[in-house]
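What TrEMBL says about this protein:
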type     : residues                  : note
ACT_SITE : 90                        : active site, nucleophile
ACT_SITE : 212                       : active site, charge relay system
ACT_SITE : 214                       : active site, charge relay system
BINDING  : 59, 60, 61, 120, 151, 152 : L-glutamine binding site
């Protein structure tokens with residue numbers, strides 16, 4: 001008899017302090033495994049304790065960090081990161097970074113979890129927001145491009161792989177011809193090795209995207225997170 005994979009019940013949390021958490025909720029509700037998936041809007045440490053995985057949405061990273069601190073969530077979030085999958089989009093990607101540049105006065109609280117350095121608002125201000133088609137091998141229907149929505153998006157400045165951390169996997173890049181004209185490309189033959197072109201990475205059970213998958217009608221990145229980061233920790 002062929003082996004049939006049984007999908008367990010999954011509690012996916014979305015940090016719901018500020019930002020596009022409702023849009024992530026709508027994207028998760030489109031997934032084919034939705035009957036096995038409970039979506040939890042996380043506002044307290046008690047909410048977080050019920051989750052198998054967490055999404056940190058786009059929004060304003062300093063505001064999310066401040067509200068998390070005021071809600072008593074910062075340390076529970078850091079503990080959660082050590083044990084369970086987390087995906088950060090845009091502002092959430094900043095919070096998952098090891099280090100950040102171009103912070104507001106007073107600095108930026110970080111959760112860590114992914115060994116990268118990012119710069120806030122790396123592509124410029126709100127008026128310099130843009131969209132770009134991304135081809136991502138790991139997505140369902142990989143030949144169909146995914147629309148990356150970049151709104152005051154962070155930029156990856158450096159990857160910091162090490163022997164004691166899981167390897168960093170590059171999921172998606174901006175093609176050189178689609179890089180914003182205002183961005184100074186690093187010196188390299190074709191732009192393909194510029195870390196600033198990287199817009200999505202995985203490290204172990206964690207994932208970050210510098211763009212907003214939740215602002216499209218395409219839920220393939222949410223399916224990818226559940227399939228590659230969350231399910232392996234439960235099966």
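Using the three backbone atoms N, Cα and C, a Cβ is placed for every residue, glycine included.
Bear in mind that TrEMBL entries carry predicted annotations, made automatically and left uncurated.
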Span of the L-glutamine site, taken as the largest CA to CA distance across 59, 60, 61, 120, 151, 152 (Å, rounded to a whole number): 13
Residue among binding-site residues 61, 120, 151, 152 with Cα closest to the Cα of residue 212 (active site, charge relay system): 151
Which of 61, 90, 120, 212, all recorded positions, has a Cβ with the fewest other Cβ atoms inside 10 Å: 120
The one of 60, 214 whose CB sees the fewest other CB atoms within 10 Å, among these recorded positions: 60
Listed in sequence order, residues not in 59, 60, 61, 120, 151, 152 with Cβ within 8 Å of the centre of the L-glutamine site Cβ atoms: 19, 58, 90, 91, 94, 121, 154
Integer Å distance between the CA atoms belonging to residue 214 (active site, charge relay system) and residue 151 (L-glutamine binding site): 12
CB contacts for residue 151 (L-glutamine binding site) [other CB atoms within 10 A, all chains]: 18
Residues near residue 59 (L-glutamine binding site) in space but at least six apart in sequence (CB under 8 A): 18, 19, 20, 90, 91, 92
Spatial separation of residue 214 (active site, charge relay system) from residue 60 (L-glutamine binding site) - C-alpha basis, Å: 15
Separation of alpha carbons, residue 214 (active site, charge relay system) and residue 120 (L-glutamine binding site) (Å): 19
Rounded distance in angstrom between the Cα atoms of residue 61 (L-glutamine binding site) and residue 214 (active site, charge relay system): 16
Residue 152 (L-glutamine binding site) to residue 214 (active site, charge relay system) - Cα separation in whole Å: 15
